[in-house]
């Protein structure tokens, strides 16, 4: 692209940091600028040569490390001048400038923290530069902007691509840190842990200290209920020298609360004593933590120290962190002390602060029952059941029915008045600012008021809602019995009521958030927003000790948002695990996402909470998900650019000063359940704000066209009147800044997609297009030169050896999810019949067309019926009885699961369908599981006989449907599934393995035509047999086989299994569904909702596997299985020697690398073994293998050159027989040939292998490493040269 209409001086600006692509515009600029130079230079600023040199060293990698507000005034001025210069150039050239200019403009705006302009510039570069993915600095800067806006879905993709194209990127540690934080918020704890550990071993600087990263790792253990490991990690962290007061206080707070809530940590008395001790020490380090005071009050309450508990709660309120939890706990204390009126007022405060606080509603209902007011109790229980934080809905529903049936006389005792009705608005959380609420509760004397903005009503959000008016009347009627806080509340409500009357008919006012302006400046900390979508994990301690119920009040997860806890640990109050997961009373996993993920509180902008000074120095952090205080501000106070632990822990501060300009409309981001910080996609450089964001729902994947809409997550409900037309607006807007906005998962921030990328399937290996398996990469690199020519051509290209080790070609972008296949299938084709073949004799099993039919890509799954009978297989060798006799003490992995219908997946309470399908893992022996299997069968027989005795209605009667629905609503029964039983040891399982040799060659565990037989070592469960022992309901959750290999599964019986399968081309759709449901597609446990798949036009094969049936899963087929009866299964993987199999295996190998997931099949190692052992006649397969050899040969050359230039020698250490392929201990990528091993471990003969990138992160000069060479370059060159295309065979069965 050429620039036009610019002077030489201005053109020089564009080239200041160009990578060389802008040079073509200079000459034309010269010609076109003739006669206009003076005019141009007068109108537009220019940069001096010295300034251009300075700018050449500036890019996005300086973000967070360039202190522009402190000692960087000169740099800041230069950046501002550069931005003006670039803007003027773009204006003069009418946008017809080099794409690189937009990239530099994005970097400069990012460093100046002008995020809307940075995003706009980056998007222009993205849309104009087809190979944008080669620019790591661009991807990093774009990721940082998305991170700032809490658009985690897009930030994760951008950061992953940086690490994929340049694993040695200078800010890799910062990327791992932020990926860890985002995955923590998204409840993908395993991925989060991995990235935090990768950040911890990196010696480069980043924006969190080593201690803060260690805290996150310890907290992850706690969230995962690995309490012993968490306790050790916390206590180890406390031993660190020079530990900052904030980290120390937070760590002690978490440690103390965990001991109070986790029974596994010892006897109750000892735990409470240790908890109080930790919390007191935490207060010594940070006496202003209201959350710690609250936890201390809970501990005192549990041991009966009522007065100390009251004092602690009062301190919590005084420290500006009054919350629904605190008031609810105060209510419990009053109720225990037989002070019902005081308890009532405390509960009212709690439900006003958080209208969906299930625990407060239940306790309030209990209080009304005790005062003989069943009508009011029913209202409270109904509100509790409508709260998403309620975990015992069935029990409450039963209680409501009992109260309604009894209908005793309604009489109020002790002066208790009926509670204001909140039922009508429970599903629509009130729109008041959380910080205003907190201040109101903590300092009633201030002029704050209950803020309510009824959804869809364009009235000032300080108007009193009907509920507030009822509360006002109630307080007035009880004026004589009110406590000081309630008197202050009454005063506020009366004053606000008068204001409301004065402004009754006025229109929307810009300064609607009056309470923000009038609130106490020292109380701006948001404790724990409990609005349904404001937090990514339970943000509160489970029901207060002594509550009438044990239900916690977890918040609904907001997929891409950091919560806003008052201090990191406070979320730990909640109970533990993933958002939405049921937590038991006093569960401790506490601060999952909040503590876990908040990156900080708003740093340099809009600080409103002086008491929380430890976090005030933080410059950039993540917006808090439910923090409404940031509304209206040009820059939300919680941004995510320079994360600090205190922010992570105390990300609750909301900007009170910036709240004023917030619009009061329903679509202005004012409702607590809406996301506060979301990016509105824009591709144009203009930053003109638009009034409202778009609610158009689409969730395209990175580099896939954004034009395809897809449903938003059902977890989020947009009630505002967003205008879909706003999707075309020119500038990004942040929801809550007074300019509208949309959810980051409702439309891709990547506005303009290059046509090439828009139609791209998952990046095919070696340059193959998604629609054709023919190689397109030969246009760039030939695979036919000799190895000598290859090495000569790539000499001196490595530059320190920090090149990408992808086994795809240089020209290939990072892999992408495939778009849904087209054309879309009609609805009547979405339940296709499963290909089935019936065998009558052995000859049928060995008939060549059977192999061809099974491996045909058009058949995702094939059922071979009657295989055992045709081959006379003795399936009894795999029966439970024989297994117990053969190896009773053999290890069995046990998954504890919920028993439910095969086509449905319910939450533990049986109240709603979901995709997440968790299993608790443990171990036992074959003998013990066999006992369980038999006992389960006996119990089922007994239940069956009881049912017959009761003469229940038959299945054909309509009543059966009601009875099934009734069962679903109740808690589900737990079952145990015996899985991953290794049957590879020929000494133990000789008979069983010999029996399997009767199978046809294509289905055997070991055969010459099986790629996995050429790996050269054991991969458990893939090239060895695994056994599964099942009871009805046992589930293998949705997945694709490792590296997309085929699979063989034989049902031993006696019961059946039900299978579900989706063709491989739809795996991108399945991955998107998992992402919407906050589940890791590769590593998570999920059970698809068939209704979702039907609506998305995804075909599902569904069939029954009977005893003796063999199921052949073709390459890449997505599948999930449930046992119908009691049965055993055996399974293993097979790799047909086809181009299709190899292609999909390599694609998944690269996708795994992008996602930081270990590939179980070492494809590089396998490819070299195939070149040594196999003659390949398939031209497509040959080309792909040859490219892999070429790519890795180049990589070895690069690394060796880098080592020579660094003065490092390699030590020859040839491979031994059956030696496994090597993976990096740190990042788990495959390491081929050149192994980096720590010197001290080498002497102990412990080969802890590192890849080059991880080795350099630990030691840039590789001082502590020895490099082992497993293959001489001459040997690799010989293999490469001798691997040639074999002549085609006269007949081919593959």
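A Cβ is built for glycine as well, from the same backbone N, Cα and C atoms used for every other residue.
Whatever TrEMBL says is automated annotation, not expert-curated.
Summarising the annotation, TrEMBL assigns region 'Disordered' to 20-43 (among others).
The repeat 'TPR' annotation in TrEMBL covers 99-132 (among others). If you take every residue in the repeat 'TPR' (99-132) and average the pLDDT, you get 94.
According to TrEMBL, the repeat 'TPR' annotation covers 136-169 (among others).
As annotated by TrEMBL, repeat 'TPR' applies to 324-357 (among others). Taken residue by residue, the repeat 'TPR' (324-357) breaks down under DSSP into 27 helix, 0 strand, 7 coil.
Taken from TrEMBL, the feature region 'Disordered' covers 416-462 (among others).
Look at TrEMBL and you will find 501-641 (among others) tagged as region 'Disordered'.
Positions annotated as compositional bias 'Polar residues' by TrEMBL: 519-551.
TrEMBL lists 570-598 (among others) with the feature compositional bias 'Low complexity'.
The compositional bias 'Basic and acidic residues' annotation in TrEMBL covers 614-634 (among others).
Under the heading region 'Disordered', TrEMBL lists 656-781 (among others).
Residues or ranges marked as compositional bias 'Low complexity' in TrEMBL: 694-711 (among others).
Annotated compositional bias 'Low complexity' per TrEMBL: 723-733 (among others), in sequence order.
Among the features that TrEMBL reports, compositional bias 'Low complexity' is placed at 769-781 (among others).
Residues annotated as region 'Disordered' in TrEMBL: 806-834 (among others).
Taken from TrEMBL, the feature compositional bias 'Pro residues' covers 812-824. Counting residue by residue with DSSP, the compositional bias 'Pro residues' (812-824) contains 0 helix, 0 strand, 13 coil.
Annotation source TrEMBL lists compositional bias 'Basic and acidic residues' at 943-954 (among others).
Look at the repeat 'TPR' (99-132): DSSP puts its residues at 28 helix, 0 strand, 6 coil. The DSSP breakdown of the repeat 'TPR' (136-169), given as helix, strand and coil counts, is 27 helix, 0 strand, 7 coil.
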